[in-house]
Amino acid sequence: MCGMIFTVAIDGPAAAGKGTIGRALAERFGFAHLDTGLLYRAVGVKGGDPVAAAEALSEADLMRADLRSLEAGEAASRVAVIPGVRAALLAFQRSFARREGGAVLDGRDIGTVICPAAEVKLFVTASPEVRAQRRWLELGGEAAAQSYEAVLEGVKARDARDMGRADAPLKPAADAVLIDTSAMSAEAALDAAGTQVRAALARAGHG
Ligand code: CDP
């Protein structure tokens with residue numbers, strides 16, 4: 001759509017389904033999509049000084065094949081507590097959010113810090129057990145290097161670190177719509193999200 005600034009902010013804990021919903025919404029509505037977790041993952045795996053790594057982050061860093069690993073997720077959540085890292089990644093995310101033609105961003109602080117003016121704010125969550133199960137299956141289930149219990153421990157540790165940090169902690173924005181996907185199919189979750197986007201597009205006069 002021409003002349004349209006429209007942001008969908010999707011926040012929530014690890015493995016809640018934000019990425020799947022974000023990608024599918026972007027496709028359905030023709031918006032650009034940014035998985036902001038990849039930025040923190042790339043900084044986490046780069047090594048050296050995390051603030052310098054965030055300041056110098058390049059396209060190539062975001063193309064690394066190992067960014068989706070459990071280790072990269074761990075490393076991401078450790079560098080994500082550093083205010084200088086978050087500050088270095090802010091401007092890129094903000095301009096992506098307000099780019100022409102609409103944007104979907106998923107992460108932890110999109111509705112609260114990156115784009116408080118987002119037209120749609122979703123907080124996608126699920127119980128730690130359901131999220132650990134999904135992540136474990138993604139990693140190969142019985143063939144995965146980690147047991148389900150180990151993945152569950154990791155999910156809980158990451159939740160605690162993401163919610164407990166001082167700078168941009170994970171929490172729903174006051175005006176976010178909560179989608180608990182614990183007992184929902186991927187299709188049902190996507191429908192719920194799509195309904196919110198359609199309503200907001202109509203409110204903004206793009207319906
Ligand atoms: O895919 P998953 O939900 O497991 O993780 P992710 O979205 O790729 O994020 C990895 C880590 O990066 C999170 O645990 C956060 O600590 C951090 N992160 C953040 O602080 N802020 C964001 N906007 C996105 C990710």
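Cβ coordinates are placed from backbone N, Cα and C, and glycine is handled just like the others.
For the recorded site, K18 (ATP binding site), the DSSP three-state label reads helix. What TrEMBL records for G12, P13, A14, A15, A16, G17, K18, G19, T20 is ATP binding site.
Nonlocal intrachain contacts for the domain 'Cytidylate kinase' (8-43), taken as residues 6+ away from its ends with a CB within less than 8 angstroms of a stretch CB, comprise 1, 50, 53-54, 57, 61-62, 64, 67-68, 72-73, 75-77, 79-80, 85, 89, 92-93, 96-97, 99, 101-112, 114-115, 118-126, 131-132, 134-135, 138, 155, 158-159, 162-163, 170, 172-173, 176, 179, 181, 186, 189-190, 193-194, 197, 201. Residues annotated as domain 'Cytidylate kinase' in TrEMBL: 8-43 (among others).
Taken from TrEMBL, the feature domain 'Cytidylate kinase' applies to 60-192 (among others).
The helix, strand and coil residue counts that DSSP assigns across the domain 'Cytidylate kinase' (60-192) are 71 helix, 15 strand, 47 coil.
Each of the binding-site residues A14, A16 was scored by the number of other CB atoms within 10 Å of its CB, and the largest score is that of A16. Within the set of binding-site residues A14, A16, T20, A14 have a CB atom less than 6 Å from some atom of ligand 1. Counting neighbouring Cβ atoms within 10 Å of each of the binding-site residues (G12, K18, T20), the lowest count belongs to T20.
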